[in-house]
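As written in TrEMBL, here are the features:
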- A:32-58: transmembrane segment (TRANSMEM)
- A:98-123: transmembrane segment (TRANSMEM)
- A:99-316: domain 'ABC transmembrane type-1' (DOMAIN)
- A:135-158: transmembrane segment (TRANSMEM)
- A:164-188: transmembrane segment (TRANSMEM)
- A:200-219: transmembrane segment (TRANSMEM)
- A:239-261: transmembrane segment (TRANSMEM)
- A:292-315: transmembrane segment (TRANSMEM)
Amino acid sequence: MAIPAPDPLHQHGLPTAGIRRRLASLLYRRQTLLLLLLLTPPLLWFGVVYLGSLLALLMQSFYTFDDFTMAVTPELTLANFRAIADPANPLFGANIDIVLRTLGMAAAVTVACALIAFPIAYYMARYARGWQKGFFYIAVMAPMWASYIVKAYSWTVILAKGGIVYWLVQALGLNAVLEAVLSLPVVGGSSLSTSNLGRFMVFTYIWLPFMILPIQAALERVPLSLLQASSDLGARPAQTFRTVMLPLAFPGVVAGSIFTFSLTLGDFIVPQLVGPSGLFIGNYVYTMQGAVGNIPMAAAFTVVPVLLISLYLALARRLGAFDAL
Amino acid sequence: MNHAVEFQQVSRVFDTVHAVDRVDLTVAEGEFFSMLGPSGSGKTTCLRLIAGFEQASAGCIRIHGRDAAGVPPYERDVNTVFQDYALFPHMSVLDNVAYGLMVRGVARAARHRQAEHMLAMVKLADFGGRRPAALSGGQRQRVALARALINQPRVLLLDEPLGALDLKLREAMQTELKALQRQLGITFVYVTHDQGEALSMSDRVAVFKQGRIEQLSSPRELYNRPRTAFVADFVGGANVIDASLAQGLIGRAQAFSVRPEQMDFVSEGDGGIQLAGTLVDVQYHGAVSRYQVALADGRQLAVSRPNLLDATQVAPEPGQAVTVGWPAHAMVMLEA
């Protein structure tokens, strides 16, 4: 029996022709080259555009602004930071007010979002099946499909006197309760739409999906057998929740709270539309770099949320929030 | 006397599927009881019914004489070793083991002392400070065991605990588990699909098929006296000769089983019970070889012969016509 001669193109039974095939095997053999090709563009983007601009911002926060000529000179100074952090500085009082006002709101919104989001996320992760799951996903995310400005504006109407909330309160005969709440200091105001309570409600509504989704993802990853093991070892449901469920879901809560916290810290639209007068960090930055042209001061204020978030993360780490990761 | 576990006509129905179908069984105090069956046969559901993760759709389950209906897992005097171990990833090994005491309010120092004692018992004394993720599969298995035993349960449930381990480790753990059970005197209810594991460790074995118990007896009886074709095949890997074929061979229309090692190749004049066929495959297993023989009607028989260091032993080749024979005493009559 004749043995056919090996095809020169198909030695070892492997087709070697074709530039694409040769490229593929080159990249397969040199995985570092592949990694380099894949990572260089996004790293360049991230490094230059993202980190670069952040560094430029940090740099400019040390520049000097001349109040009389309104000119920015690249002479390095700590004056901008002193105006925020040094109690002896004449501007400190007004500036720290802005920081504390924003910080207080961001903290309150984050806590409220976490409290509201957890049960919803819990239900989505543990109980919703089939169409319910899809329904919940869409229900949680649908508000994010609408324009942020439209939502913020519609809330001014919802919360205004004669709006739907007032109508509902009246229909339920709870006028006195609303009046009492609005007469509280800090929280209240002349109407819901001009009170901190109203602003708080709008923020909580707008950022809620950013809290629900990470918590839901974290809860989804907790294996059922862990909860059963806890129960099997004698833990009542509340104990299982506290010692197993919550610690394992906590990275999700932290992730969500970074969203809600930093989004509130940087927002300048909602404070403008809803709630009492008094600037937020975002408004102040907007005014400083826009109307006033004091870019260094705006930059210094922008560093504040970055510092606050870093502090928050360090604290969360200390509390063991990432132990389950 | 109270049984450790007692099932009376217990069923568990999921939608329309009877995962467990009118099961009766009793597990004696201190017994090593195995539930054996292929996947989906209802054995794990039975275990979960005892643990309390499932509630019976019908029937009555008693644990130490007490009706278990509606009793949540955390109030049952049983503990489980899970198939995936289910160790808490955010706790140290020591805290994992001490968990059962922690939720009962035992003080930190006392529960850690006991947990260390348990870890020493499973030969992991120095591993308390590690995270479960830093342990090997076999070590995790021991931690799961220590954690389940720290509450001193009267019944320990084990759900295919050795399934994820390699063969060598599995054999070592089988010996250890059996020794531990004898030493502690606890009732073990052991779920497995590995008949070797069930036979070597158990006092009694319940063989499950489609939610029902096919046979419940000692390992020896299960292997030597299978009652049904399923048990003969699943537990012993035995050849089942059905009723129609039996009619021609022994003059009686009743199925019977013959184990492969009881069969041999014979020549036609040898007497005894014989069947002619063609050898289709030989598998070499070291100590024995398994011969696959096809009968005229397409049915297959397995013959197992020891591989002797004896040049006179003649082995047939695949494709060769062979006659398979066995002595009358090797036949085990089966229920219809």
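Glycine too: its Cβ is placed from the backbone N, Cα and C atoms.
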Contact yes or no, the transmembrane segment (A:292-315) and the transmembrane segment (A:32-58), 3+ Cβ pairs under 8 Å, gap 6+: yes
Range from A:32-58, A:135-158, A:164-188 with the greatest count of C-beta pairs under 8 A to the transmembrane segment (A:200-219): A:135-158
Surrounding residues of the transmembrane segment (A:135-158) on its own chain - C-beta under 8 Å, 6+ positions past either end: 120, 123-124, 128, 164-165, 193, 198, 201-202, 205-206, 208-209, 212-213, 269-270, 273-274
